[in-house]
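Working notes, structure below.
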Amino acid sequence: MTVLLDGKKLATTVRSKLKERTATLRAKGIIPRLVVIMVGDNSASAVYVRNKKRAATEVGIEAVDLHLPGTTSQDELLALIDQYNQDPKVHGILVQLPLPQQIDEKVVTQAISPLKDVDGFHPMNVGQLFMGTPQAFPCTPRGIMELLAAYDIEVAGKNVVIMGRSNIVGRPMAALMVNHDATVTITHSKTQNLAAITRQADILVVAIGRGEFVTKDFVKPGAVVVDVGMNHNAEGKLVGDVKRDDMLDHASYLTPVPGGVGPMTIAMLMQQTVEFAERS
Ligand SMILES: Nc1nc(=O)c2c([nH]1)NC[C@@H]1CN(c3ccc(C(=O)N[C@@H](CCC(=O)O)C(=O)O)cc3)C=[N+]21
């Protein structure tokens, strides 16, 4: 029997614990504040922004949402970021990715103060994470670690294979897993004998952005499968990067899409904001 890792439920538990911490902060006159900047229109991003807003309100974080036109220049965005970097009332700044083509993501990521970098994407925070001394955590990988821990799934000494090498998921996931004593392999689009490698995994983390790409052939019986994908199939239904039906009674654990990794990403964003406010 395959156990589904219920991210939706765990995220609720995380949020209720955060509520107590924001109450303590508010009693000291500190209102945890998160600024979310979205440039241009993107329906998927809009859903994400709405979900974040709802979660923030629930846990007692003040979320400031800024929706800028798609024609916004890089300098305008940088000026805004600088304003919030200087503002002691703001504890977290998130710029929604992807950005329109006239704006360089790398420049923007480096412009956010590492102390307010709730995504953990600033090179300083990436470096600290890879050195095993994290100061800020990327939300999706952290959410995955929390989900595994909640189900008592040990990672120390396990073979962890990560499909995908993005800055948002694959690479920071590898760092976190190494920090937790896993043996880690990253695969990507140029990897040869892909299925032979992924079949070695005790824990397989899939973040490739290709709907239902991972079938039974890629997975050792009894493996733990973490699906980070969010794709719409031909019928317009939300599917992961993993073929769910193939995993049932094959994988030991599986994260569902939706209701798995996604809600945990948002919960961790809230947690990081509260942690920054507590440090302020
Ligand atoms: N700077 C930045 N940081 C991000 O973390 C970031 C980003 N930009 N850009 C976009 C992606 C996407 N992302 C999602 C997180 C949660 C859900 C989520 O809550 N999903 C739910 C609901 C899905 C639904 O209802 O459609 C679920 O999987 O159950 C979705 C998408 C964060 N991203």
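Including glycine, each Cβ sits where the backbone N, Cα and C put it.
Annotated in TrEMBL:
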{"type": "DOMAIN", "residues": "5-119", "note": "domain 'Tetrahydrofolate dehydrogenase/cyclohydrolase catalytic'"}
{"type": "DOMAIN", "residues": "138-279", "note": "domain 'Tetrahydrofolate dehydrogenase/cyclohydrolase NAD(P)-binding'"}
{"type": "BINDING", "residues": "G164, R165, S166", "note": "NADP(+) binding site"}
What three-state class does DSSP give G164 (NADP(+) binding site)? coil
Around G164 (NADP(+) binding site), which residues of its chain at least 6 apart sit with Cβ under 8 Å of its Cβ? G170, I186, T187, H188, V205, V206, A207, I208, G209, V228
Report the mean pLDDT of the predicted model across the domain 'Tetrahydrofolate dehydrogenase/cyclohydrolase catalytic' (5-119), rounded to a whole number. 95
For the domain 'Tetrahydrofolate dehydrogenase/cyclohydrolase NAD(P)-binding' (138-279), the DSSP residue counts stand at 53 helix, 26 strand, 63 coil
When DSSP states are grouped into helix, strand and coil, how many residues of the domain 'Tetrahydrofolate dehydrogenase/cyclohydrolase catalytic' (5-119) land in each? 61 helix, 19 strand, 35 coil
